[in-house]
Amino acid sequence: MGMQCNTKLLLPVALIPVVIILIGTLVPILLHEQKKAFYWRLFLQSQHVEAPITVTQGDTVYLDASNNPCNYSSFWYHGNCELCGWNGYLRNVTHYYTNTSCSPQFMCINETKGLQLYNVTLNDSGAYTEHVYECDLSCNITTYNEYEILNYFDNCNYTINSTKHIITVVSSRHSKQTNSHVSTHAGWAAAVVTVIMIYVLIHFNVPATLRHKLRTRNNVNRIA
């Protein structure tokens, strides 16, 4: 009888470590899947956005990365030329790759995964598109070794978000002409408003002045 009781007690005790191991294994997986689902909904809110921008020749333009939770899956393109992206051949995988063969003068911002265009010319007008790829990466990449990260980046092949910045570069002369036109229109508007105000003042004040003169003349005649 005593042996049967001990056996019944040992079975739940033996199951406790198994339950703890299962919980320790399943909870991180469930949390990770929940986080992925949240980011997926976040990305879909701004999928395929177009943002028009007008700048003057010689300006510097900063293009921020869109909502990308860990900033490890953004790639920038100008036409068919990849400006910024991840280079699998770099030993330090936390740095952005800059493709110097592309025509605009630009710099890839490693900290924000954004793009900076400097000293823009008229030829730099066009679409600059940021593609965000789905990568099964945690926010802390130090948990992966180099080869694991490169394998993950090789599998980042599904675009879930893209932002197209349509940049129009205008010449400084055009900008000055525009400012001149704005100033001219503002001057004409001020002149018209002034004329209207003078007309209103004259219209209301002249009859009042005449009435005052007539009243004064009548008073003089009565006294006489």
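Positions of Cβ are set from backbone N, Cα and C atoms, glycine also.
The feature signal peptide is assigned by Swiss-Prot to 1-25.
For ASN71 (among others), the entry in Swiss-Prot reads N-linked glycosylation site.
Residues or ranges marked as N-linked glycosylation site in Swiss-Prot (evidence: sequence analysis): ASN92 (among others).
Annotation source Swiss-Prot lists N-linked glycosylation site at ASN99 (among others). For ASN99 (N-linked glycosylation site), other Cβ atoms within 10 Å of its Cβ number 16.
Residues or ranges marked as N-linked glycosylation site by Swiss-Prot: ASN110 (among others). The Cβ neighbour count for ASN110 (N-linked glycosylation site), using a 10 Å radius over every protein chain in view, is 13.
For ASN119 (among others), the entry in Swiss-Prot reads N-linked glycosylation site, with the evidence type sequence analysis. The Cβ of ASN119 (N-linked glycosylation site) lies under 8 Å from the Cβ of GLY58, THR60, GLN105, each of these being in the same chain and 6 or more residues away along the sequence.
Secondary structure at ASN123 (N-linked glycosylation site), as computed by DSSP, is helix. According to Swiss-Prot, the N-linked glycosylation site annotation covers ASN123 (among others).
Per Swiss-Prot, the feature N-linked glycosylation site maps to ASN140 (among others); the stated evidence is sequence analysis.
Among the features that Swiss-Prot reports, N-linked glycosylation site is placed at ASN157 (among others).
Per Swiss-Prot, N-linked glycosylation site is recorded for ASN161 (among others), and the stated evidence type is sequence analysis. In the three-state DSSP reading, ASN161 (N-linked glycosylation site) counts as strand.
As annotated by Swiss-Prot, transmembrane segment applies to 186-206, with the evidence given as sequence analysis.
For the recorded site, ASN110 (N-linked glycosylation site), the DSSP three-state label reads coil. Listed glycosylation sites: ASN123, ASN161; maximum Cβ neighbour count within 10 Å falls on ASN161. Using CA atoms as reference points, the glycosylation sites ASN110, ASN123, ASN161 were checked against ASN99 (N-linked glycosylation site), and the closest is ASN110. A gap of 26 Å separates the Cα atoms of ASN123 (N-linked glycosylation site) and ASN110 (N-linked glycosylation site). Separation of the C-alpha atoms of ASN110 (N-linked glycosylation site) and ASN161 (N-linked glycosylation site): 19 Å, rounded to the nearest whole number.
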